[in-house]
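What follows is a set of notes on a single structure, which appears directly below.
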């Protein structure tokens, strides 16, 4: 606790360097901050430019109030010792930082609301500070304040050994304070009389109060730092002697305006950094007790985000009614829901089993309890066409123990689609009726065309009935008898003619004995002399002009 007291004292001394310097803003919102033991007078008509404080005011020299101010104006006494700090109280603080003297007229209610005179710890200055040095000192003081706040946070998150965790948790929290409470002693009305300097009350620290008792004091110091840059209130004009150089006043006002705005900006950045640091420290303190988590897989990041979103909504009091349990991740569904196959799904979890693409509002197919997109289902499970080997999506033709697209089932020879008459199969291929019989049906021995209906089997060949006739005279065979010569059917006459067994005299077939002469065949009774018609049976004859003659007729006729 001694280290904490030292930090608070160092913090108070740091803010006293900032608060004792008067800051002047623009003419629209002129402010003055009295330092030292001066009494200021409100002037009804303000001058065009607020005068800078004199060196006596900055150095804390006491000026006789009777010589400086008119007696008809209400006076406010502000006296602060150099070595003492303001008194801090844990109760709610008053928004006014000045207390009117006893015996003087109190300001009107409007003046008490709009005019605030702030008193800050003052130290003697040997000379008027330059604006450059003041701005540099302000930046260094803010940096020092930032460092002290970081150390204070470290002490708050790690309580001293003298405090147990139960004491810290049971320590009562103090009410919020709106600003530091300054107790200002009343000045004596007699010239030269001064009141005794007030004593500073340090924050009480005992065993019954925890680390949270220190925080109001730190917040009071921060409020004191914020009060160095005042909020806009009606102008307060201070008359404090002659202004020797208007150019110097303008330059001083511009420099102090820059310093004031810079201090405000740095203070905002400091407060933002302090909030971020507290948030990070709480996160680290909460995460130190839990074991280190492994890096989540990319596939589970979405599930983690959904789970954290639902928990955050529950913490905020937003009731999320589950619409079901997802069939994939087995987690409740709070947003959009997909109902399919008797289950409910997250839209991003209802995906194709094969390609893992989100199905959404597209058509899908079910197989063994698993959803498939239309493309993958047909590629995996649909029958394939025997002709193109592609999946069959719509109508299917089943033939020859195979499946076909209707547009791919046609005659293998002519490419014509099969009609009502159907098709014929040969060697695993389908043919139309015409091409099948033309290619594979038995051919007629007479016309060489396919035999489609009745036929005659003869001479090891099939014949149309109308085609089985004599190959010479095309006469149908009576009683079914025919003669064959060189694999062709003939009638008896043409058969003997083809073979040469036809009598040359009577032009009838020779069925018995025959005589062969002059390259011809004759019945014995039909081989006679061409002149006398006597039978030439002795075996001797004369031939003249392809005709036979007996010996006597030949001599008579030709000798």
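In case you wondered, yes, glycine gets a Cβ from its N, Cα and C as well.
Now, the feature entries from Swiss-Prot:
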MOD_RES   31  phosphotyrosine
MOD_RES   118  phosphotyrosine
COMPBIAS  121-137  compositional bias 'Polar residues'
COMPBIAS  237-262  compositional bias 'Polar residues'
MOTIF     266-277  motif 'LD motif 4'
DOMAIN    385-435  domain 'LIM zinc-binding 2'
DOMAIN    444-494  domain 'LIM zinc-binding 3'
The domain 'LIM zinc-binding 2' (385-435): DSSP-derived helix, strand, coil residue counts: 6 helix, 15 strand, 30 coil
DSSP helix/strand/coil residue counts for the domain 'LIM zinc-binding 3' (444-494): 9 helix, 16 strand, 26 coil
Model confidence over the domain 'LIM zinc-binding 2' (385-435) (mean pLDDT, whole number): 91
